[in-house]
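Some features that TrEMBL has for this protein:
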type	residues	note
BINDING	C43, C46, C80, C83	Zn(2+) binding site
COMPBIAS	103-121	compositional bias 'Basic and acidic residues'
COMPBIAS	129-138	compositional bias 'Basic and acidic residues'
COMPBIAS	205-214	compositional bias 'Basic and acidic residues'
REGION	1-26	region 'Disordered'
REGION	103-138	region 'Disordered'
REGION	173-220	region 'Disordered'
Amino acid sequence: MSERKVLNKYFPPNFDPSQIPRQKKPKDLQHKVRLMSPFSMRCESCGEYIYKGKKFNARKETVEGETYLSIKIFRFYIRCPRCSAEITFKTDPKNTDYVAEHGASRNFEPWREEDEKKESGSEEEEEDPMKALENRTLDSKREMEILDALDEIRTRNARSERIDVDEVLNRFSTEDQAEISSRMKEEEEEFEKEAKAVFESADGEQVRKLKEAEPDPITL
């Protein structure tokens, strides 16, 4: 039985890698990938609904001459599971989403709601000048809040840049030393008070501690 995974490969002594011509990859190279449909769609050929998350064997390619802020855009080719019609969609870095390109229509596009809201808002402003004034006031207030927050961040950063690290460490070390010395002094005072209370009699007279008599040397 042959090996399933070849670990060693033989290179003859006269092997010269410079003699092997380098193959040029075509620009419109497509790769086979396994993916799930990023959105729900409806096939334009047979009307089949394709739900979001359905798995496909797809072909992937880079869209030539189309980028967004130097970000590459990729196109994917899949086939309808019912009529095998080709469906293409591509990435949309601007909206961090995907766009249905050919063969199918998307059931729901979130940016359509945003466009409709903007259009309805502009229509309301045209019809009601007080509404337009209120919106402009809110926008200016929001801008002022953003500017105040940015100024606060700048002042905080400038204050942190002016602080010297060594100075802060020295300050903390001196404060720690002072705290330790004061704590030791308080402990000594408490110890003296306790010792004084122990060696005083009930009448308040101080009891003297007698020295223990030294033992006599052993006489031989």
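Quick reminder: no glycine exception, Cβ is built from N, Cα and C everywhere.
Small disclaimer: the values here were computed from a predicted structure and weren't measured.
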Ordered by sequence, the long-range same-chain Cβ contacts of C83 (Zn(2+) binding site) under 8 Å (at least 6 apart) are C43, S45, C46, E48
So C80 (Zn(2+) binding site), by the Cβ count within 10 Å over all chains shown, scores 21
Out of C43, C46, the listed binding-site residues, fewest other Cβ atoms within 10 Å surround the Cβ of C46
Excluding C43, C46, C80, C83 themselves, the Zn(2+) site's Cβ centre has within 8 Å the residues E44, S45, G47, E48, P81, R82, S84, A85
DSSP tally for the compositional bias 'Basic and acidic residues' (129-138), helix/strand/coil in that order, comes to 10 helix, 0 strand, 0 coil
If one takes Cβ-Cβ under 8 Å and requires six or more residues beyond its ends, the residues near the region 'Disordered' (1-26) are none
